[in-house]
Amino acid sequence: MAWYSLERWERPQPFGLEALAMDQKGYRRGSFQSSTSDEDMLEIAGASLDFSMAEDDPPLDREMGGFTSYNGGGMNGTSKMMDFLEEPLPGVGTYEDFNTIDWVREKSRDRDRHREITSRSKESTWALIHSVSDAFSGWLLMLFIGLLAGSLAGLIDISAHWMTDLKEGVCLAGFWFNHEHCCWKSNTTFTDRDKCPEWMSWSQLIIGHGEGAFAYILNYFMYVIWALLFSLLAVLLVKGFAPYACGSGIPEVLSAAAAAGVSVAFGAPIGGVLFSLEEVSYYFPLKTLWRSFFAALVAAFTLRSINPFGNSRLVLFYVEFHMPWHLLELVPFILLGIFGGLWGAFFIRSNIAWCRRRKTTKLGKYPVLEVFVVTAITAILAFPNEYTRMSTSELISELFNDCGILDSSKLCEYVNDFNSTKGDDLPDRAAGPGVYTAMWQLALALIMKVFITIFTFGMKVPSGLFIPSMAVGAIAGRLLGVAMEQLAFYHHDWIIFSGWCSQGADCITPGLYAMVGAAACLGGVTRMTVSLVVIMFELTGGLEYIVPLMAAAMTSKWVADAIGREGIYDAHIRLNGYPFLEAKEEFSHKTLAMDVMRPRRNDPPLTVITQDSMTVEDIETIINETTYSGYPVVVSRESQRLVGFVLRRDLIISIENARKKQDGIVSTSIIYFTDHSPPLPPSSPSMLKLRSILDLSPFTVTDQTPMEIVVDIFRKLGLRQCLVTHNGKLLGIITKKDVLKHIAQLANQDPDSILFN
């Protein structure tokens, strides 16, 4: 037997949906009475919500002419939420795992709880304290989120630095020291500061020397082994903790956590808040903005207190540039933006193709094996090149660096003319052998990272997107920056350089090109704009570089959007079939709610529950034969007048509890959702009242409501379902999946292939 009602969610939403506050001027409060006019309608978000009654239909409650209160997750905030048998039942109003949370209902319940606490605050001192603690509970939670994010970030930064060095050697003074910390107390010269006797490579520790082919092979082998051991650790951590991260999250907490995470990852509290606004949440009220900013501030302060890098900075690759940029440099900056857009589009298409292959072949059945194989290949390819052997954060730091007199990196091995040096500012110089060696090594590193990132992102362990994308752009930018620097040095008399770059001047800053390239590639992959520019600005601490960053970020977005509209997050949401309505896309088709609702023509009738004529056995049969999350409640099958909506989980818990604790409840007992029991013969078994679990104000629209408005309601309010009525009579139901399938159908896609793969 086929039933059509609310579909059960198979997967969680990728990001939590925030419910829109309902206590605005256009919303109706209190009660609504029966009426004889078809014009008695409520307009919410542009949609007409029809609660009118015709004269030939009985009132919804047989003993009363109308409703005196609302219940559930609707628009009234003064009602009791649950009062089954005078007291709430454990489990009623909760959700099963991997079910989307009804944020409209939860927002209403939270307001009811808050009003009740406030009303009791004048009764006693304890009630007043409870009221104050409730008011500050949200801020206290943000404080804990910030403290936890900052502490974990510090732990991760320190551990990652130590683990990276552990792949190459160990500190004899203490195995818990990384290479830099191990050599702090060494008496070696400045040029040999990385070759202190306290630090030994694995070949030196095992065979007594670090030179020769066998020592190189041994270090190579240990590097790969440690990489595999760390990947095993990642697998174990994911298996242990990932199940707790699945499912829907509280929107405000998710927004604040995202802001705090970006804040500590890039040392950019303001950028973290803007990232949460731009990428994570499409409903971002002022309260969430303030609390997200507070969480990001606390996280940044906590990480600064830990000082994991020992330089009083929040990130390893913080850099300050001192030389201004010239207007003509906008041309290479825009070229970097074009490269970032092309790379972003290429990466998204390639990564999605690989992830789709993973999902549709046997490869997806062996995620742990895939992690080990990809790790082994990455380690084998990375070790020979010093720029891929080091951690990606260290690589970005070196690429961003503006070469000084004391820098010993290959990227800074220029032909020095100390007679032209003024203070700490070095003029543009001819590249030495070390620079040319570094250039081809970086070119090889660029090729490797371009392709290896395609396979690493999307695996069953976190492998990163921001830092690898920034590394690709930073390498490309540094290569272009050095090329521009040498071009200006050898051809300073060209017309493009003659006006602003004289011989012996410090004109070009290759590190700035690396930073702009990093922003361009990250923007091409994620399609971030405002938050990206602010994050990079906070990384450099210089206002004068905002224009190059803006030019590169916008160019990369335009180029990437011209090839494909989706960013990497949107593409993975679509690939995984998550029921997510993208807020950035406009719905411009002229269709109505009746075109999308179910049941459709030739479909079996909608599964409904009557308000006072069905037995326990009848409802249990419906529950056993369907998998829907909830059912509309109507006056009778003949009238189809809508009463409300009841959740499947609440029905199951209430009936099971009543059978155990309420005398006389049997399979033939009548279940009623009205205030007063229906008239029955004296010999009838005890009846079960379940009005308390009934949502008396479910969201409804008329059958003539434009789908443009319906889609907007689903996006802004995070609805799970919307009932469709005509003159108060129930016609059908629209779920978020129905909306997504309708949008896919209008885009000439197979509606059955886009969801729940």
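Just so you know, the numbers here start at 1 and follow the chain as drawn.
Just so it is clear, glycine is given a Cβ too, placed from its N, Cα and C backbone atoms.
Taken from TrEMBL, the feature domain 'CBS' applies to 597-661 (among others).
Residues or ranges marked as domain 'CBS' in TrEMBL: 687-753 (among others).
Non-local neighbours of the transmembrane segment (138-158) in the same chain are 252-253, 256-257, 260-261, 263-265, 287, 291-292, 294-303, 305-306, 308-309, 316; each lies 6+ residues outside the stretch with a CB under 8 Å from one of its CB atoms. Per TrEMBL, transmembrane segment is recorded for 138-158 (among others).
As annotated by TrEMBL, transmembrane segment applies to 220-242 (among others). Panel annotation: around the transmembrane segment (220-242), residues 163, 166-168, 202, 368, 371-372, 375-376, 378-380, 383, 389, 460-462 of the same chain, lying at least six beyond its termini, place a Cβ under 8 Å from a Cβ of the stretch.
What TrEMBL lists as transmembrane segment is 254-277 (among others).
If you look up TrEMBL, you'll see 289-307 (among others) marked as transmembrane segment.
Feature annotation from TrEMBL assigns transmembrane segment to 327-348 (among others).
Look at TrEMBL and you will find 368-385 (among others) tagged as transmembrane segment.
Here the transmembrane segment (438-458) has Cβ contacts under 8 Å with residues 343, 347, 350-351, 354-355, 358, 374, 377-378, 381-382, 385-388, 395, 409-411, 413, 464-465, 468-469, 471-472, 475-476, 478-479, 482, 568, 572 of the same chain, all six or more residues outside its ends. Per TrEMBL, the feature transmembrane segment maps to 438-458 (among others).
Non-local neighbours of the transmembrane segment (465-484) in the same chain are 265-266, 329, 332, 335-336, 339-340, 343-344, 347, 387, 392-393, 395-396, 399-400, 411, 431, 435, 439, 442-443, 445-446, 449-450, 453, 456-457, 508-522, 524-526, 568; each lies 6+ residues outside the stretch with a CB under 8 Å from one of its CB atoms. Annotation comment: TrEMBL describes 465-484 (among others) as transmembrane segment.
Annotation comment: TrEMBL describes 512-537 (among others) as transmembrane segment.
Per DSSP, the secondary structure of the domain 'CBS' (687-753) breaks down as 25 helix, 20 strand, 22 coil. With Cβ pairs under 8 Å as the measure, the transmembrane segment (327-348) is packed most heavily against 512-537, out of 254-277, 289-307, 368-385, 512-537. Within its own chain, the transmembrane segment (254-277) is flanked in space by residues 15-16, 18, 142, 145-146, 149-150, 153, 284, 288-289, 291-300, 302-303, 313-315, 318, 466, 528, 530-532, 534-535, 537-539, which lie at least six positions past its ends and keep a Cβ under 8 Å from the stretch. Applying DSSP to the domain 'CBS' (597-661) sorts its residues as follows: 24 helix, 18 strand, 23 coil.
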